[in-house]
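Engineer: Just passing along the structure, written as structure tokens.
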Amino acid sequence: MATDNKSKQKTKSNNKNRQRYRPNNKSVKKGGYPLRPGVQGFYITCDGGRERQASQEAVNVIDSFYEELVQGTNSNLGQVELSEKPVNKKTVFKYSDSSSSDDDGGENGNDEDQTKEETSKIEQHQEKIDDEIDSLKTGESGPENKDNTSTDELIQENTENKEELENTLEQKDIEVGEPPAKKQCVEKEAAEVGHIAFGKTEEKSIDRLIDAELAELGDKSKRRFSYLDSGCNGVVFVHMSKKDGDPNPKEIVQHMLSSLALTKKHVSRFILRVLPVEVTCYASEEEIGKAIMPLITKYLPAESDTPKRFAVLYESRANTGINKMKIIDAVAKSVPSPHKVDLSNPEINIVVQIVKTVCLLGVVEKYKELSKYNLRQLTSKN
């Protein structure tokens with residue numbers, strides 16, 4: 001009796017300790033994993049315990065290469081070309097200073113020298129005339145029989161020289177143009193005056209656009225890439241909501257790995273291997289045989305002039321009830337006769353990845369040449 005009471009007390013204390021560490025003192029409900037048949041995306045492996053970090057990193061990396069592929073601008077390849085063939089190009093802006101540029105220093109410097117020489121000559125001539133006028137007024141120099149007419153002529157010449165100096169300076173200002181600061185101020189003032197009437201409506205429209213974009217980002221169903229929990233240690237699945245005209249996962253992965261193979265740029269910290277997944281189904285021999293047919297007709301058609309060598313890339317996780325050889329034989333028999341099996345040097349690898357009760361199917365090319373689609377090995381500089 002004493003032992004029974006002690007065991008009951010221990011179980012009660014253990015239950016209290018478990019409830020103490022539960023979130024909000026509520027029992028945790030185990031639900032189904034989001035990875036299910038009927039989705040497509042990317043099968044990613046990572047270090048154990050780093051699934052969440054790897055999934056967030058994978059979404060950002062795949063999204064960046066997707067945008068690069070859609071826009072048609074390969075920044076990584078462009079960097080390689082620039083490093084191999086550097087081009088020294090000088091850009092001259094509209095309002096650049098003549099003193100700072102060496103090429104334009106000759107033309108602008110000559111103009112400035114000419115204006116300085118002209119102004120210095122006019123100033124010297126004007127000083128001489130002023131001295132003569134002062135001497136005539138005081139009577140210190142010059143003959144006594146000079147009339148007032150000579151003084152009037154000198155004053156008139158002085159005024160004409162001043163007008164010529166002002167005209168030359170005005171012409172130079174017109175040629176050079178207004179400084180950029182003044183033009184910017186004028187443009188800002190005009191823009192402010194033009195937008196006063198429509199300021200409120202534009203602010204409202206911008207706010208609405210921002211709210212719509214935030215709502216779209218918050219809604220997981222509208223995201224292009226989102227990570228799903230696979231339920232296995234060291235495995236992440238990134239789901240792709242493909243629209244009409246978008247590249248498929250195979251094209252995105254092929255573009256990503258080919259560019260990284262050239263640049264050797266480290267883009268990930270937690271991701272190990274990335275494989276494209278175009279079809280998912282339940283992990284059974286019959287379902288896999290049916291689901292693999294669209295991929296075979298697309299990449300290994302029966303009516304093809306150039307037969308290809310292929311191999312089956314099989315891997316299973318958290319599932320011991322499936323026979324490996326039966327799945328490989330079913331996939332190999334579904335390929336038509338012109339194509340042949342070549343395990344040593346295949347041109348195309350058919351991906352068959354089984355994660356619990358879900359089978360992931362896809363096709364990859366140059367599997368061995370691209371370090372078996374392992375980003376760490378591909379970008380490591382050996």
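Keep in mind that glycine also has a Cβ here, set from the backbone N, Cα and C atoms.
Sharing the record's features from TrEMBL:
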REGION    1-37  region 'Disordered'
COMPBIAS  8-29  compositional bias 'Basic residues'
REGION    76-181  region 'Disordered'
COMPBIAS  100-115  compositional bias 'Acidic residues'
COMPBIAS  116-128  compositional bias 'Basic and acidic residues'
COMPBIAS  159-181  compositional bias 'Basic and acidic residues'
DOMAIN    259-365  domain 'THUMP'
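Help me understand the surroundings of these features in the structure.
Structural biologist: Mapped onto DSSP classes, the domain 'THUMP' (259-365) shows 29 helix, 38 strand, 40 coil.
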Engineer: Give the mean pLDDT for the domain 'THUMP' (259-365) on the 0 to 100 scale.
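Structural biologist: For the domain 'THUMP' (259-365), the model's average pLDDT rounds to 94.
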